[in-house]
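Chemist: Here's the feature list from TrEMBL:
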BINDING   A:GLY164, A:ARG165, A:SER166  NADP(+) binding site
DOMAIN    A:5-119  domain 'Tetrahydrofolate dehydrogenase/cyclohydrolase catalytic'
DOMAIN    A:138-280  domain 'Tetrahydrofolate dehydrogenase/cyclohydrolase NAD(P)-binding'
2 protein chains.
Amino acid sequence: MVDLLDGKKAAQLADQEFSQRINDLKLMGITPGLAVILIGNDSASQVYVRNKKRRAQKVGINYQLFHLAENITQTAVLQLINKLNHDPEIDGIMVQMPVPPQIDAAKVMNAIAVDKDVDGFSFDNIGRLWSNNSGNFPATPRGIIRLLQQYEISVAQKHVVVVGRSNIVGRPMAGLLLNADATVTMAHSKTPNLAALTKQADILIVAIGQAEFITADYVKPQSVVIDVGMNHDVTGKLVGDVDFSSVSQVASMLTPVPGGVGPMTITGLLEQVIILAEKRA
Amino acid sequence: MVDLLDGKKAAQLADQEFSQRINDLKLMGITPGLAVILIGNDSASQVYVRNKKRRAQKVGINYQLFHLAENITQTAVLQLINKLNHDPEIDGIMVQMPVPPQIDAAKVMNAIAVDKDVDGFSFDNIGRLWSNNSGNFPATPRGIIRLLQQYEISVAQKHVVVVGRSNIVGRPMAGLLLNADATVTMAHSKTPNLAALTKQADILIVAIGQAEFITADYVKPQSVVIDVGMNHDVTGKLVGDVDFSSVSQVASMLTPVPGGVGPMTITGLLEQVIILAEKRA
C-alpha cells in the first residue's frame, strides 16, 4: 500500500509553526508584510491570489494586494515596485504570473529589490541558489523540500530525477536538491527513453504539465513520487502529471492531486516571507 | 581505437577565428580589452595568468595585468574594479582565484559590472545562465561546448553525466548542457554507486580533482569522455581525473591531459571577451 504525502496536513502543521513565529515577531513590533501584484483578470491567477491571501492572513501576515488593470503600462508597474522596495512594512513582493504582453516579465522581476524578491525569480537570487549561497528561493521547490522533511525523507545521497525544466519548478528544484547532496538528473521534453531514467529514481519529481503522463512503467518500486502537475482531465477533474491509480501500486510514497504539492507551494511562499521579516528582528 | 579530442588544435583553430574577428573590430576602431587582477604570488596563478596573456596578445586583445600585493586591502581591490568598470577600453574584468583571506571573493566578483564579468561568476550571470538567458558564462564550460562543436558532437538529446559540482566547472557546465537540450545528471563526491551512473553517459564530463579516478569500469563503450582534471601523479607527471590508458580502450573519443580541456578554457575566456567587444561595434 502506498503512503500518501499529505500536503494539506503538512501545510496545516507549517501554518501552526508560522503563526507562532509571527506572534514572536509581533511581540517585537514586527508584522511580516507581503505585497502581491496582480495584473489583469486571468481567472486562474485570481484563484491563486485568493488562496495566498487566505493562508497569509490566517497565519498573521499583512497581505496587500495591488490589482492593476490589464492595460497598465510597464512604467507604472515599475513605479509601484520601486515604491514597495522602499516600504519598510513590506518584506516580500511578488508579481503573479502570467503578465499581459506589454509587460516584460524578466524586467519586472529583476526590478524587485533582491531582498524582497520572495519568489526568487530574479537573476541574482537564481545565482545565489546555484552557487549554494543564502538567498530567496522559489515557493514550489521550497514547499517540496519541506514536505519531504515533514515525512523525514532525506534527499542526501539519493538519486532524484526531476522531469521538467521550468524556471519556476524544475530548475530551482534541481539546484536545491544538489545543494542538499542529492544526485540529480534533469530530464525534460527532449529526453529520449524517459522511463529508463525515471525508473532509477529513488525520488521522482514530475512537473511537465501533462495529465497522468507518468504511469507505473516509469516508476521504481518502493520509490517516492512527487507530482507537481495540475491539469484537468477530459471530464474536467483536477489531475496531476502522475497516473495516481497505477503509480500508487508501485511507489512507497506519493503526493495526491489535489492536496499534495499545491498547499505546500503556498507554505513555501509564506515561509520565505517570514524568514525575511525575521531579518528585521 | 579512441579518437583524441585535441584541445590544442581546436584552440589554434579558434585563435585563427578570433584574430579575424578582432581585425574586423580594429577596422572599426575597437580593440577588445581584458583586465586581469592577480593578487599575491601564488605560483600556479602566475602560470595561468601568463598563459592567458600569451593567448590574448596573440589574437590581438589589449591585455592588462593588475598585479596587486598579497596584503592589499579589499577596499583597494574594489576601487580598482570600480575604475575598470568605468573604463571604456576594458570589455572584460577577471580576478584570478584564489584570493588571499582578507579578500571576500564573492563580494569582489559581484562588484564587477555584470556586462564586464567575463568569468560569469557573479550571481547575476549565474542566474542568467540557469534561466537560459543571454549573459557571460564561465570559461571552462564554454570551452568544452566549443570543443564538442568543433568535433561535431551534439549534446541535444544525449545523456550527459557531469561529475563534480564546483561553481567554476560542474554547475555551469550542467546549466549550459541543459540549455542545449541535453539530459543532465549532476553527480559528485556524495554520489553512491558512481560507476552505475557514469556508465550510462553518452558524454561523461569529469571535474573532481582526483588523479586518474575514472577507470574503464566507469565508462560506457563508445562514449565521449571529457577530462577537466589537472593533477600531478606520484612521479610529478601532469594527469587528469581520467585514467587515460584504460578509458582509451573503451571510449570512442577522449580528451588528453595536457592538451585537452586546458587550452579550451582560455579559448572560452577569449571568446567571451570578443563577444563583449563586438557589442561595442
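Cβ atoms here come from the backbone N, Cα and C positions, even for glycine.
Bear in mind that TrEMBL entries carry predicted annotations, made automatically and left uncurated.
Tell me about the setting of these features in this model.
Modeler: In sequence order, A:ARG171, A:ALA174, A:MET186, A:HIS188 are the residues of the chain that are 6 or more apart from A:ARG165 (NADP(+) binding site) and have a CB within less than 8 Å of its CB.
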Chemist: For the domain 'Tetrahydrofolate dehydrogenase/cyclohydrolase catalytic' (A:5-119), how many residues does DSSP put in helix, in strand and in coil?
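Modeler: Result for the domain 'Tetrahydrofolate dehydrogenase/cyclohydrolase catalytic' (A:5-119), in helix, strand, coil order: 60 helix, 19 strand, 36 coil.
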Chemist: Does A:SER166 (NADP(+) binding site) have same-chain partners at least 6 apart in sequence with Cβ under 8 Å from its own Cβ, and which are they?
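Modeler: Expected: A:ALA207.
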Chemist: Please list, in sequence order, every residue of the chain apart from A:GLY164, A:ARG165, A:SER166 whose Cβ lies within 8 Å of the Cβ centroid of the NADP(+) site.
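Modeler: Other same-chain residues with Cβ inside the cutoff are A:VAL162, A:VAL163, A:ASN167, A:ILE168, A:VAL169, A:GLY170, A:ARG171, A:HIS188, A:ALA207, A:ILE208.
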Chemist: List which of the binding-site residues A:GLY164, A:ARG165, A:SER166 have a Cβ under 8 Å from any Cβ of chain B, in sequence order, or say none.
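Modeler: Near chain B - Cβ to Cβ under 8 Å - we find A:ARG165.
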Chemist: What is the number of other Cβ atoms found within 10 Å of the Cβ of A:GLY164 (NADP(+) binding site)?
Modeler: 23
Chemist: Going by DSSP, is A:GLY164 (NADP(+) binding site) sitting in a helix, a strand, or coil?
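Modeler: Where A:GLY164 (NADP(+) binding site) sits, the three-state DSSP reduction gives coil.
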Chemist: Just to be sure I understand, if DSSP states are collapsed into helix, strand and coil, how many residues of the domain 'Tetrahydrofolate dehydrogenase/cyclohydrolase NAD(P)-binding' (A:138-280) fall in each?
Modeler: 52 helix, 26 strand, 65 coil
Chemist: Within the domain 'Tetrahydrofolate dehydrogenase/cyclohydrolase catalytic' (A:5-119), what mean pLDDT does the predicted structure show?
Modeler: 97
